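All remarks here apply to the structure that follows.
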Amino acid sequence: MLQSLAGSSCVRLVEQHRSAWCFALLVLGYLLYLVFGAVVFSSVELPYEDLLRQELGKLKQRFLEEHACLSEQQLEQFLMRVLEASNYGVSVLSNASANWNWDFTSSLFFASTVLSTTGYGHTVPLSDGGKAFCIIYSVIGIPFTLLFLTAVVQRIIVYVTRRPVLYFHIRWGFSKQVVAVIHAVTLGFITVSCFFLIPAAIFSVLEDDWNFLESFYFCFISLSTIGLGDYVPGEGYNQKFRELYKIGITCYLLLGLIAMLVVLETFCELHELKKFRKLFYVKKDKEEDQVHIMEHDQLSFSSISDQAASMKDDQKANEPFVTSQSPTSNDSSLNN
Amino acid sequence: KAMCSGKLQTGLLVAGYFVYLLVGAAVFQALERTAEKQEKMAAAQMKEAFLQNFTCLTVVEMEQFMKNLTEAIQNGVYPVGNKSQTEDSNWDFSNSFFFAGTVVSTIGYGTLRPKTAGGQIFCVFFALFGIPLNIVFLHRVGKMLSLLCKKLGKFLYEKGMRKKKIKFLTLLFFLATGILVFLCLPPLFFQITEGWSYSEGIYFAFITLSTIGFGDYVVGKQPDRNYFSYYRTLVAIWILFGLAWIALLFNL
């Protein structure tokens, strides 16, 4: 879902106001929102987790007392309970009792995985209140995340892509297309090594039983927001500096997501790719210039009413990447 | 002539998408099935040994047993139930297909996980190409849904309403019908087929359609229930249209 970033209205906001204060406020608001979610999750879920642990402890006691003449039925019942607990991320082993799933940093990690729609599932809200809050939190938080990411990515793109490309185009004299392609590929390589290869190496060292492939697999599954949850860092027994580690991972995932989107936008702005995409998105033939100019104001809102007014079919009403083209058409019309 | 080529493009895209999913499902099945069989045999053996020795169990032995149990569970093998259940593979074709769908839509429940190195590498590449494909596909499906909105807009305009009002009403209509069809009605259906409460159904619907996908509730996974055939296919269609609706909503 996050890949089909829209937020055309917030691109407008950024373009129109361009004030650093608005942007700073947005970033601050977003971080505060995450912290708020972490606090609420922690306070709602920790008591329930405590209860579940105590219950399991008692169950174990009884098992120990009754192990003579144990019937299969009883064993099955016990195993079912163990299974249920395991599905909720609670282990029955004594040396794992140090890991809490809902302390503050873990809740922060959980909140960030919910808002990025990754959703590992190693920790899930146990109580009804937690589940209800999760829904409400996401309904507000996911559009918020989209807004946030769009704004951040639009800002970064200017410094990382547009200015360097322009600079090299002017300085070296190559055509813009060539510079853009070289830049995009280079950026892709840098991002892959900084956000996949290096973190994978770090994780394979920090986590006991992860090899490099598994760490890379984790990085990919997380940054693509699939989030299967088979590998979650910081869940090993007696993990040192667990709180710091969890915070570090949260930051990594957020930055990684932003980096992925920046690279995606960069590639989407490539001229060749635009032509290739038109194969899939544009049905009717229109001249190139008209397409660019029209796309600047392209909200489906206005397009729906325009269609109603003109009684023609609009061919690009719901283009996901239309936001990336509108600033480009501005720049290209200024520079060309 | 333009319409014909447009239809052909759409048809090819849809066909290409399904072929991609089928290929993914087949490859996953091929890579994961044998490893899973071995895990299941090991888990069954462990349980047998435990049952034979359950008199005079020490704490150490039990801890060891529990540790093995937890590892087995984390590998997706549940050491409960009788023999017939252990013969149903987690990685048969329909389950692998469902897994491929969850990867490509980035829902990622995680109830099914590739364990072999080959499966994991393939998963990475499968997602790398599958996710953009999925986006393009959903875009097209979303356009089908938006045609309804356009028709409503045209109808209202002919009645003489102002543009702003049309905008507002079409958005409201879109939002309301979407919430009804994709979030409010399916939990009723799940109450019957899965035995979840209505609020659990809503929770599941929301977590799935937002692509968060925890995996604590998944359709068709309860061992003691009989599901009619094509149940999961029906659910998959619901997920597909729901995702397209949400993507369209964000583009509005």
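Each Cβ is built from the backbone N, Cα and C atoms, and glycine gets one as well.
Record features, source TrEMBL:
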TRANSMEM  A:21-44  transmembrane segment
CARBOHYD  A:ASN95  N-linked glycosylation site
DOMAIN    A:95-156  domain 'Potassium channel'
TRANSMEM  A:135-157  transmembrane segment
TRANSMEM  A:178-203  transmembrane segment
DOMAIN    A:192-268  domain 'Potassium channel'
TRANSMEM  A:215-232  transmembrane segment
TRANSMEM  A:244-264  transmembrane segment
REGION    A:306-336  region 'Disordered'
COMPBIAS  A:321-336  compositional bias 'Polar residues'
- Query: Which residues, given as numbers and ranges, are at least 6 beyond the ends of the transmembrane segment (A:244-264) yet have a Cβ under 8 Å from it?
  - Reply: 2-3, 5, 105-106, 108-109, 112-113, 116, 118, 149, 152-153, 156-157, 160-161, 184, 187-188, 191, 194-195, 199, 206, 219, 222-225, 233-234
- Under DSSP, the domain 'Potassium channel' (A:95-156) has how many residues in helix, strand and coil? 43 helix, 0 strand, 19 coil
- Task: Using DSSP, break the domain 'Potassium channel' (A:192-268) down into helix, strand and coil residues and give each count.
- Result: 54 helix, 0 strand, 23 coil
